[in-house]
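Undergrad: My structure is below; once you've seen it, I'll send some questions.
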Amino acid sequence: MVRSLKNPKKAKRKNKGSKKADESSSSNAIPSMPAKVWQPGVDALEEGEELQCDPSAYNSLHAFHIGWPCLSFDVVRDSLGLVRTEFPHTIYCVTGTQANNAPNSIGIFKISNISGKRRELVPTKTSNADTDMDSDSSDSDEDEIENEGPKAPVFQVRKVFHEGCVNRIRAMPQKPHICATWGDTGHVQIWDFGSHLNALAEAETNVSKDASTVSTQTPLVKFTGHKDEGYAIDWSPLVPGRLVSGDCKNCIHLWEPASDSTWNVDSKPFVGHTGSVEDLQWSPTEPYVFASSSVDKTIAIWDTRLGKSPATSFKAHNTDVNVISWNRLASCMLASGSDDGTFSIRDLRLVKEGDSVVAHFEYHKHPITSIEWSPHEASTLAVSSSDNQLTIWDLSLERDEEEEAEFKAKIQEEVHAPTDLPPQLLFVHQGQKDLKELHWHTQIPGMLISTAADGFNILMPSNIETNLPPANAAA
């Protein structure tokens, strides 16, 4: 688990004595039974208890916000290197606010000097008693001065007025300064944020999120053809500028680029669902194929060359299918998350045979709000849920009792992990309320960014290791 119990009032979970008795029991008593491991989403906190973050579980962990809650965001591809493994890091993102009784805006932000350390899963044993606390770190920030802590990340943001709340925002992979937004006004708009990104790239000083002004900008395109608001939108990873958008009235529209700043939107929608279209994903290998998920409990696969009806569709869950993610490293795999807290992995090659589910998980007990495959490991994906948990999974893992025993012996202590946890569960991150969306950073292996009602988190779990070539080899 990534979090541990902290009880400021009691030295032990079940000891309800006085402070003096607590101090005595904590220093002298030897428990006869292993301590119970607290399971997120299962066990309730007792009065006076709180969760405490375990910093050793992370290579890096930072939190920030831009003022109002943001339902959606996207990572903007940059030119700082295709594979970056050395701290400090710099990232660029776009997001949109969900403000109550206040003007909404799109935030284009840059966070630099993101510090962290690369830790080994099992600390290296050493006989040198004088070794400092960071001796288990294989990498450290070059910018840190001896005996001083890491410098705080630098947050810079530029804001653009947006009519209505931003339901979802996506940056084009091939031209990341071009972004599309779905508004609760029922309009899909495309924007050019090139000038803002250039200004952030050149700026070195901190720009306060409170002092920054909200500029007014005219979108490149404003499409009013949807009959209702929506959330589903996705850029093609293969054809620059190709876009699909889906609404709550079960209609999907295809956008084709006509030039660098204009699009032709097909006025005749794709119709096949009987409920709201919740998510859309283009195929990573087929330029004319995309998938959709719906409140009608189904997933549909579409081929734009075959007309306005699905090429195939199938029941995917017992409740609304909120989110889907198409694996770009293993293109036959499609992940989906449902309103009942379950998520499934399907092999699309088996759809015609009727049973395409290769993995199904019921760990989360509340709606799945986001799901995304890792861009660097074909078997790894991250999931967020309304139960305030972000989980990371590796589908290639199976329980190995011999390996567990060897690990316990190596760290020379008992590990009392719950036996009913799925062996594929790698990591559980908590601390955010009402998690909405997550994304892996495609250029920084192991980095995840998540948004929730109380702001953003940047996290790099210490047990997510990716074997990649040196950064200078791919830059």
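Quick reminder: no glycine exception, Cβ is built from N, Cα and C everywhere.
Please treat TrEMBL annotations as automatic predictions, because they have not gone through curation.
Note that this is a predicted model, so its numbers are computed, not measured.
According to TrEMBL, the feature compositional bias 'Basic residues' maps to 1-18. What TrEMBL lists as region 'Disordered' is 1-35, 120-149. Residues or ranges marked as domain 'Histone-binding protein RBBP4-like N-terminal' in TrEMBL: 49-114. Annotation source TrEMBL lists compositional bias 'Acidic residues' at 131-147. Per TrEMBL, repeat 'WD' is recorded for 270-312, 361-403.
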Undergrad: What does DSSP give as the helix, strand and coil breakdown of the domain 'Histone-binding protein RBBP4-like N-terminal' (49-114)?
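TA: For the domain 'Histone-binding protein RBBP4-like N-terminal' (49-114), the helix, strand and coil counts are 3 helix, 37 strand, 26 coil.
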Undergrad: Do you know the DSSP helix, strand and coil residue counts for the repeat 'WD' (361-403)?
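TA: Summed over the repeat 'WD' (361-403), the classes give 3 helix, 18 strand, 22 coil.
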Undergrad: Per DSSP, what is the residue count of the repeat 'WD' (270-312) in each of helix, strand and coil?
TA: 3 helix, 21 strand, 19 coil
Undergrad: I'd like to know the mean pLDDT over the domain 'Histone-binding protein RBBP4-like N-terminal' (49-114).
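TA: Value for the domain 'Histone-binding protein RBBP4-like N-terminal' (49-114), mean pLDDT as a whole number: 94.
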